[in-house]
Amino acid sequence: MPPPDSNPGSFRDHLKHDNKNNNSSTTSKGKQRYTPLHDSIPEEIASPRSASASSSFDLDPDLENQSRNDYKLRPLARSSSTNGGHNYSTAYIPVIRDEGDDVETYLDSITEAEQELLSLSKQYDFADDSDDFDSDDDAALRRKVQKQEQRRRRERLKAKVWTPVKYARIWRRTLVVVIVALALLVWGFLRFTAAQRQGPKVWPMLPSDSWFPSPKGGTLKHWEESYRKAQSLVRNMTLIEKVNITTGTGWQMGMCVGNTGPAELVKFPSLCLQDGPQGLRYADHVTAFPAGITTGSTWNRTLMRERGIAMGREARLKGVNVLLGPSIGPIGMMPAGGRNWEGFGSDPVLQGVAAAETIRGIQSNGVMATAKHFLMNEQEHFRQPFEWGISTALSSNVGDRALHEVFAWPFAESIRADVASVMCSYQMVNNSHACENSKLLNGILKDELGFQGFVQSDWLAQRSGINSALGGLDMSMPGDGLHWTDGKSLWGRELTRAVLNTSIPMERLNDMVTRIVAAWYQFEQDEWERPPPEGNGGPNFSSWTGGDVGWLHAGSNDGLYAVVNQYIDAQGTGPEAHSIIARKVAAEGTVLLKNVDHTLPLSRNASGPSGVMRVGIYGDDAGPAQGPNACPDRGCNQGTLATGWGSGTVDFPYLVSPLEALETAWKTEVEMTAFLRNAVMPADVADKDLCLVFANADSGEGFISAGGIHGDRNDLFLQKGGDTLIRTVASHCGEGQGKTVVVIHAVGPVVMESWIDLPGVHAVLLANLPGQESGNALMDVLFGDVDASGRLPYTIGKSLEEYGTEAQVLYEPNAPVPQVDLLDALFIDYRHFDQYNITPRFEFGFGLSYTTFKLKDLHVRSLQSKSRSPAARPAAAVSPPEYNTTLPDPALALFPPGFQPVYKYIYPYLPSLDGTAPANYSYYPKDYNQTQGPSPAGGGAGGNPALFQEMASVSVQVQNTGDRKGQEVVQVYVSFPSDEKVKIDFPERVLRNFTKVELEPGERREVQMTLSRKDLSYWSVREQNWVMPDGDFQIWVGRSSRDLPLQAKY
């Protein structure tokens, strides 16, 4: 989704390369990166070696490093008879300079390939620097000599006999060929045996499978009443009203970022859809909550839900019908992915639990939540063609097993939590656009997972009209088609026309609108106050202006204005203030990674060797800089980092910086000096007793480029010189006698190898993205007001390469349609490290505490007898609504007489009856006429209800063995048995449950968790169902993915 002032204009037909040389933008191995067409914030330094529309060849890098005096390359000019000018054919070939007079000796010394190159070079004019001053006679004489030399060389080569040198050369080449051939044979054999061993190791579906027709909603019992009400309403709607509900009115054509048209005859209102995952975007008097990645770091289910409740409450008070969050795609397959911070962590169970709790919290207020982005939106590069100047968005190619076990798992949990809406993503999946991918939307989401709500597109993610409707899309957002704010929708009047001419069945349109209306009833929004003119309901803020009066249609020039901002304070007050939950989440989401000699927590009654404690604060991440809202959608890295950038952000009502909080943190007098810059001298730290150094790493959505980062990070290092800053401070703090505490604010994992083991680094806190209460929450942990109880939601490796080849962002197009192949996506994050026996710096789930805990007495008890397959899919509890599908008179779809349309506003009306006559449409998607049977894995919300039967209980004793209150996160991992019937690879172990428990010193408590059938199953591609393998499962219980002291069999 673009910034509010986005104006795409015409697309540039060239690419530019960014070679800015600084710590934040330097690319891996010095490679240039493909950069987007939008301008960078701040402005990037453009490379002089931009690739233009004209054809040219770049110099070889090694050749470029040579002196220009050694080589001179001259193209031949060929006259053009058409325009009198010249067309140039350019080739760069180094000029061969004579090092002596023995030309024949030289020719003998070069390879046959070089001889052939010389013979072909006669079409070019090679010259050294002095050639520009040669006379015509000299040039003619030189050409004559060259021809004679070439003739003699050819004769000499014909007469040349074999020599021992020739034989040696042939044997060497033959040996190389044999070695390469043997290596290929060995490689092929190993690949074959690995494939045999893994059995259903799934290769990408290229192209994506098809699944038609789109399943109807209204088949689950707990949605029955809502669908009954929706049926009564939809039955009385006109075709125009149905289309109006399914199509947005256009970008900036309403108060919210997304607005649907109303159905006025049946009194169904326009719906307001608003970002997002961190709070209400573009709204006043709302809370800037900690980001999703910080929430995931709490591993606290209660806080996850409380945060969701507060977000839903604010959306309700602001008149928002649909909140566009939580974000659970990307899941973090690529650690440098730009939007990973919006989600909760790089594990499907952690992501799924956090998503479900957030959704339940949001929807407890009657606000519809949105699970996004479905599916495989793992990187920002090439997600949209118009952002990058390519013809088509990239394709994320993934196998069926990884799709189910990793990427779709959190969405299944969201549907079990009754999420009202699912947003499809920008890119393609297995070479079919996600918002028209019938296998994903119809087959997996609506049939297998039993989704009863509506599917909406990401903003401009819809890339077709008919195919997207048939493929399972229910709502087009924001209504615009292929370009922003041009008033040309792929639906709107085009959907009206397609239904009338039978290209799209009326039955499909009825299901689309029924799903939307049923969700509206499911969360009792029919009881909300009616919007004007009947009441004072609807959105009470404008996304496009901060003034009380503004345009009603900011994307048009119609001149209509009204009071658009009522400044309703939605943040809560007193003990109900949402800042309280924001501070709790930020504090519990802070992860203690290192703590030498109990450096932390700090004492508020501090003193130094000389009496007064001398404290130094280092790094611009400690201070407020220009303020939290200095850049649109937080699209710059300045001051303390409290959020990433993009549509998932929020306008901060305030931001407490670490420096502001530190100024009032100590009870005794301290001498505190702040150096709010990332370049300090040793003298700046030499006289300090305590050095607090702050550094960060930022990223965000692909429509913004900031600091040389085009959405996705270029690497995993700290930005703006943060690593150098830490090394300098840690090496010189107190002339080696002081203590250095490092605080990191980051969107994801950062590589710490250059400083983590320095003796001067005594403690490290990863504060993630803490939101508006950043400084206050940090003080709570830094001074021990609360325990350090955060745990890593991802693995911190020692290098980006350790995460594997498939975890790397594709920075350069590798095909006209960029292809990202995720063949080993099953082994995401810590699973990859386990699979290849790589020791990370800090493993998934890791985090230190200010106290100590002991786990003991693990018991695993069987609750159900094992069976390979779940019970059969149950029959639908209720039948979906049925309607009369008779087409109306096309004349009723024309603009009403005297109607004055708003410029660029998207209407369902037709300007004429052209194209409305029923016709035989012949461009349907592949296999459209083949009806698919129901999936055996379906039958309920989130899948077959049998998958969620509890198979085993896990109990363990947890004791606080320290001297202060603290919280422990108990994590349960499962290792699958080796099924001899179907040989298949499993991850070493996978997270399957967790709980967080708070204990007083010496307190002991038993905690219990359960494992479901799905927890103990894998997705069988052959059977298209979840299968429990035969044999004993190993159950591990501990504190992280690699600290698992207890184990038992099941």
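Along the chain as shown, the residues are counted starting at 1.
Any Cβ shown, glycine's included, is placed from N, Cα and C.
Looking at the topological domain 'Cytoplasmic' (1-174) alone, the prediction's average pLDDT is 44. Sequence annotations record features per position, and here Swiss-Prot assigns topological domain 'Cytoplasmic' to 1-174 based on sequence analysis.
Marked as region 'Disordered' by Swiss-Prot: 1-87.
What Swiss-Prot lists as compositional bias 'Basic and acidic residues' is 11-20.
According to Swiss-Prot, the feature compositional bias 'Low complexity' maps to 47-56.
The compositional bias 'Polar residues' annotation in Swiss-Prot covers 78-87.
Look at Swiss-Prot and you will find 175-195 tagged as transmembrane segment.
Residues or ranges marked as topological domain 'Extracellular' by Swiss-Prot on the basis of sequence analysis: 196-1050.
In sequence order, L265, V266 are the residues of the chain that are 6 or more apart from N236 (N-linked glycosylation site) and have a CB within less than 8 Å of its CB. DSSP assigns N236 (N-linked glycosylation site) to coil, not to a helix or a strand. What Swiss-Prot records for N236 (among others) is N-linked glycosylation site.
Other C-beta atoms found within 10 angstroms of the C-beta of N244 (N-linked glycosylation site) number 27, with every protein chain shown included. The N-linked glycosylation site annotation in Swiss-Prot covers N244 (among others) and rests on sequence analysis.
Residues annotated as N-linked glycosylation site in Swiss-Prot, with sequence analysis given as evidence: N300 (among others). In sequence order, E588, Q967, K996 are the residues near N300 (N-linked glycosylation site), counting only same-chain partners six or more apart with C-beta under 8 A.
According to Swiss-Prot, the N-linked glycosylation site annotation covers N430 (among others). Residue environment of N430 (N-linked glycosylation site) contains 22 other Cβ atoms, counted within 10 Å of its Cβ in all protein chains.
Swiss-Prot lists D458 with the feature active site. The secondary structure of D458 (active site), as reduced to three states from DSSP, is coil rather than helix or strand.
Reduced to three states, the DSSP call for N501 (N-linked glycosylation site) is coil. Taken from Swiss-Prot, the feature N-linked glycosylation site covers N501 (among others), and the record attributes it to sequence analysis.
The N-linked glycosylation site annotation in Swiss-Prot covers N540 (among others). Applying an 8 A CB threshold to same-chain residues 6+ apart, the list for N540 (N-linked glycosylation site) reads K318, G319, N565, Q566, I568.
Residues or ranges marked as N-linked glycosylation site by Swiss-Prot on the basis of sequence analysis: N605 (among others). Cβ neighbours within 10 Å of N605 (N-linked glycosylation site), excluding its own Cβ and spanning all shown chains: 9.
Per Swiss-Prot, N-linked glycosylation site is recorded for N884 (among others). In the three-state DSSP classification, N884 (N-linked glycosylation site) falls within coil. Cβ neighbour count for N884 (N-linked glycosylation site): 7 (other Cβ atoms within 10 Å of its Cβ, all protein chains included).
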Proximal residue to N993 (N-linked glycosylation site) among glycosylation sites N244, N605, N884, N920 (C-alpha distance): N605
Candidates N244, N430, N605, N920 (glycosylation sites) - the one closest to N501 (N-linked glycosylation site) by CA: N920
Nearest of the recorded positions (N430, D458, N605, N920, N929) to N244 (N-linked glycosylation site), judged by Cα-Cα distance: D458
All-chain count of other Cβ atoms within 10 Å of D458 (active site): 24
Cα-Cα distance linking N929 (N-linked glycosylation site) and D458 (active site), given in Å to the nearest integer: 28
Alpha-carbon spacing, N884 (N-linked glycosylation site) to N605 (N-linked glycosylation site), which is rounded to whole Å: 77
From glycosylation sites N430, N920, N929, the one whose Cα lies nearest N605 (N-linked glycosylation site): N430
Sparsest Cβ surroundings (other CB atoms within 10 Å) among the glycosylation sites N501, N929: N929
Between N929 (N-linked glycosylation site) and N920 (N-linked glycosylation site): CA-CA distance (Å): 13
Three-state secondary structure, which DSSP defines for N244 (N-linked glycosylation site): helix
